[in-house]
Amino acid sequence: MNERMVDQSMHSEETDFELSLRPTRLRQYIGQNSIKSNLEVFIKAAKLRHEPLDHVLLFGPPGLGKTTLSNIIANEMEVNIRTVSGPSLERPGDLAAILSGLQPGDVLFIDEIHRLSSVVEEVLYPAMEDFFLDIIIGKGDEARSIRIDLPPFTLVGATTRAGSLTGPLRDRFGVHLRLEYYNESDLKEIIIRTAEVLGTGIDDESAIELAKRSRGTPRVANRLLKRVRDFQQVNEDEQIYIETTKHALGLLQVDQHGLDYIDHKMMNCIIKQYNGGPVGLDTIAVTIGEERITIEDVYEPFLIQKGFLERTPRGRKATPLAYGHFAKSNEERE
């Protein structure tokens, strides 16, 4: 699958860029106000008790700031953070090596925690509850269990699939925080801040236009801003103006709802070739040349959220709203 401008996952070349934009304190973090308010209380209370923060589960769509929040938690608690991904912890020994290296109060951030193997997850349970590990050494008759005491720590788990977590793992998190899509006002503020970091000016209309097309996701907003800045610099404009913004977004094929050419391809397939549906997911996948899981995990959620697509027992179906939007878009292109 080619990388899309509106893909909410991080592109391979964006790591350093995203790091440069990330706030380091709660007061700098834009949006997610309910989460910020709760975290301020939880962190202050933990520090007053001289205890680690309870284990925290962050969940929601990609690109909304789960990794950023994990680092902010460590900064606010004034401790170190160790970051790993769920799939990288293949054996109990991998987890034991990391946990035994933590200092009291440290944060362990596990991204994609829903992808932990079952054997690693079972070893994690006593570590989360009672701060010890039971490790089996040897095989067969010579196998024996060794208990390793751990310093108190905070586990921050992040997932885009909270429903895929097992009940025992989910229940061991004392704090559950769901990140929501950002409103246009917060995205506009993020875009203006990013433009300052990039050293470029941007007019108000452009910031609003980019916010509208960013799919409620700061990562998408920053990516679109970078590409619009390319057009501004080639045009030798003193700042980003609305005319350049609309021209650039048109060439990038990102419409006013944040939908790109793949979204249009999928919806036109359902509307034109299958009379609006219902049509099976496998049929759509074959018709547009994409994998079923990619459609289900990457393309569908936003189309459903915007009210253009409906899941039914018989397959996917275009909504009346979709007919209006995509018919108009097709007329404008013709």
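Placed from the backbone N, Cα and C atoms, the Cβ positions cover glycine too.
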Check Swiss-Prot: it lists Leu21, Arg22, Gly63, Lys66, Thr67, Thr68, Glu129, Asp130, Phe131, Arg172, Tyr182 as binding ATP. Then name which of Arg91, Arg213, Arg215, Arg219 it lists for that same site.
Arg219
Cβ-centroid neighbourhood (8 Å) of the DNA site, Arg292, Arg311, Arg316 excluded:
Gly280, Leu281, Ile284, Ile295, Glu296, Glu300, Gly315
Lowest 10 Å Cβ neighbour count of the binding-site residues Phe131, Tyr182 is held by Phe131
Grab the pLDDT values for the region 'Head domain (RuvB-H)' (256-334) and give me their mean, rounded.
89
Just to be sure I understand, if DSSP states are collapsed into helix, strand and coil, how many residues of the region 'Head domain (RuvB-H)' (256-334) fall in each?
49 helix, 9 strand, 21 coil
